[in-house]
Amino acid sequence: MKAAADRLMAARAREGRTRVLIVDDSAMVRQALALGLSTDPRLEVVGTASGAEAARAQMAALKPDVVTLDLEMPQMDGLTFLRSYMESAPVPTVVISSLTRTSGETAMRAMEAGAVDIISKPSLGAGQGLPAIMRDVCARVWAAARARLALPDGAAPAPVAPGASEDWIHALGASTGGVQALSRILPFFPAQSPGLLVVQHMPEGFTAAFARRLDALCRMRVREAADGDLVLPGLVLIAPGGLRHMEIERAGGVCRVRLVAGAPVSYSRPSVDRMFLSLAAAAGPRVSAALLTGMGRDGAAGLLAIRRAGGRTFAQDEGSSAVFGMPLAARDLRAAEEILTLDDIPARMMLAAAADTRAPSLASND
């Protein structure tokens, strides 16, 4: 009788848990991920697979809510496998990959194929830091399972002719779903738009590949930011992933990038909040900033600081967000003067810069 009751309680405990399938050719990595993910009560590891064919069978049998996928596997590589099931039976997928230059480029193609997030494969020798790493992995896998797999269809936004002065600055912050969102909207900023700064939550090393992919798509030049870079018209600077925060300082009438050490903020480094807060101090009323799709709260407080400094602030709406977490936090703080569809954000940012007007006061929205 007690055994039956225990089974019933266990079954009830599993209800509502996110079902995870782990796909990796390394038995050691599969075991480490399974153990780590199982520490989160929201997650249930329902299976593991060493390659594409085994994974395909388990996906059909187990119906996972989310897949973690290694890109470098024998027989069929992870990218080819991802493309195959995203076309026929899409499942939210988190790429968990070791970093090489080749894997960075492949990871970007995986995001274009529909993967929701990229995580650098945890080092099994991380020692005391491994639990913190796995907490972040658990949170991102859980969030990925809730992400929309495709942006809503819609007409592409029309480019807006630049009309702002050279010292205006645009800024964007994003997390889960941000690679796809940024790839969609950045090409619509004209070549001589005001300098544009981006923090996208991404592991160390992958942002360089992301910048190269965007540079091929965009009218503006795009590259990974370096310490001391000037914020210039026509240039998009992507915060390097993983190790440091990107802040902006004004000196001698110009704004420069500073890459600074510091603990993660809202579990993130680089942090959107750190960039936005520095922009509020350095450029205040000559900033237009938008907070895009992502889990958590990073960026909401910084967006509010920009608004209070007289800058123009926007957030992505729920309908076009893969994960409506960061924009929701901004809405709850009343940090965004407008909540917009993703496709409307470039035009509104450019119009705000061209008008060069201060944001409406917070009191005006009461």
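In case you wondered, yes, glycine gets a Cβ from its N, Cα and C as well.
Annotation comment: Swiss-Prot describes 19-136 as domain 'Response regulatory'. When the domain 'Response regulatory' (19-136) is classified with DSSP, helix, strand and coil residues number 57 helix, 25 strand, 36 coil.
Cβ neighbour count for ASP70 (4-aspartylphosphate) (all protein chains, 10 Å cutoff from its Cβ): 24. For ASP70, the entry in Swiss-Prot reads 4-aspartylphosphate, with the evidence type sequence analysis.
The domain 'CheB-type methylesterase' annotation in Swiss-Prot covers 162-356 and rests on sequence analysis.
Counting only same-chain residues at least 6 apart in sequence, those with a Cβ under 8 Å from the Cβ of SER175 (active site) are GLN200, HIS201, SER268, VAL272, THR293, GLY294, MET295, GLY296, ASP298, VAL323, GLY325, MET326. Residues annotated as active site in Swiss-Prot: SER175 (among others).
Taken from Swiss-Prot, the feature active site covers HIS201 (among others).
Other Cβ atoms within 10 Å of the Cβ of ASP298 (active site), summed over all protein chains shown, number 30. Taken from Swiss-Prot, the feature active site applies to ASP298 (among others).
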Rounded mean pLDDT for the residues that make up the domain 'Response regulatory' (19-136): 90
Packing count at HIS201 (active site) (other Cβ atoms within 10 Å of its Cβ): 31
